[in-house]
Every structure is written in structure tokens, then in C-alpha cells.
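The disulfide bond annotation in Swiss-Prot covers C12-C100, C71-C91, C108-C133. Per Swiss-Prot, N-linked glycosylation site is recorded for N48.
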Amino acid sequence: EDESTVLVDNKCQCVRITSRIIRDPDNPSEDIVERNIRIIVPLNTRENISDPTSPLRTEFKYNLANLCKKCDPTEIELDNQVFTASQSNICPDDDYSETCYTYDRNKCYTTLVPITHRGGTRMVKATLTPDSCYPD
């Protein structure tokens with residue numbers, strides 16, 4: 001009965017929202033929904049997390065309605081047929097890019113860095129999250 005349900009676990013914006021049903025302390029014959037919102041503010045992150053030379057981020061914005069959208073497609077079965085559906089009808093366009101405040105460890109991030117070798121300098125792609133970029 002004390003189990004929490006994870007509503008949002010957004011690693012990109014460091015937010016986790018859980019929900020659980022508890023007894024109303026003011027009226028023990030009723031249940032209420034308790035929501036817990038955990039936001040970890042990564043203080044030493046960059047404006048552009050893929051560019052280690054960009055300035056430190058000083059502004060963090062969170063929109064609860066956007067965080068709670070369930071836009072990832074999921075498969076459901078109706079009348080012995082499998083359909084792909086989204087749990088929200090207000091999902092952003094495909095070109096929408098969420099602002100990430102830290103690395104999503106499931107994504108591969110790279111950046112170009114200057115490498116000097118034998119008197120010449122050239123730009124080389126460097127991996128910022130190696131575990132996500134290279135298969136096991």
C-alpha cells in the first residue's frame with residue numbers, strides 16, 4: 001500500500017516525480033494522492049552541455065505540464081491487434097529539442113576538439129559519454 005508510482009524520471013532535466021495514495025490525516029476514512037517532486041539542480045553545468053568551453057548555466061526552467069507528458073510510443077493490444085500509441089495528445093513536434101541540464105546517460109554526446117600533432121592542428125570528434133557511444 002506504501003508503493004510509489006514513478007510518473008516522470010527525466011534524466012535530461014534531473015527531475016523525478018512520484019505519486020502514491022495515502023490516508024488523509026485530517027479524514028482517515030478518505031485517501032489522498034501525494035506527489036513528490038525531486039529536482040536536482042546541476043550547478044556546474046554548461047549552457048551547451050556538449051561544449052566544455054560554453055559559459056556556466058545560471059538559469060534552470062521546469063514546466064510541470066511538459067515534464068508529465070508521456071510522448072514515447074508504447075504498444076497496446078485491442079481486440080487481438082497491436083497498436084502503437086502515445087499516452088499524450090499534446091506531444092511536441094519531431095524537431096522539438098528539450099533543454100538538457102546534464103547528460104542523459106542513454107544518449108551519445110560528442111564535441112569537436114582541437115588536436116595538435118606533428119606541428120599541425122585539426123579538429124577531431126571526441127566522445128563526452130563513452131559508455132553510451134560505444135556498444136559493449
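Along the chain as shown, residues are numbered 1 onward.
The backbone N, Cα and C atoms fix where each Cβ goes, and this holds for glycine too.
In this structure, C133 (disulfide bond) is part of a helix by DSSP.
Cβ neighbour count for C12 (disulfide bond) (all protein chains, 10 Å cutoff from its Cβ): 15.
Ranking the disulfide-bonded residues C71, C100, C133 by the number of CB atoms within 10 A of their own CB puts C100 at the top.
A separation of roughly 13 Å, to the nearest angstrom, links the Cα atoms of N48 (N-linked glycosylation site) and C12 (disulfide bond). The distance from the Cα of C12 (disulfide bond) to the Cα of C108 (disulfide bond) comes to 12 Å.
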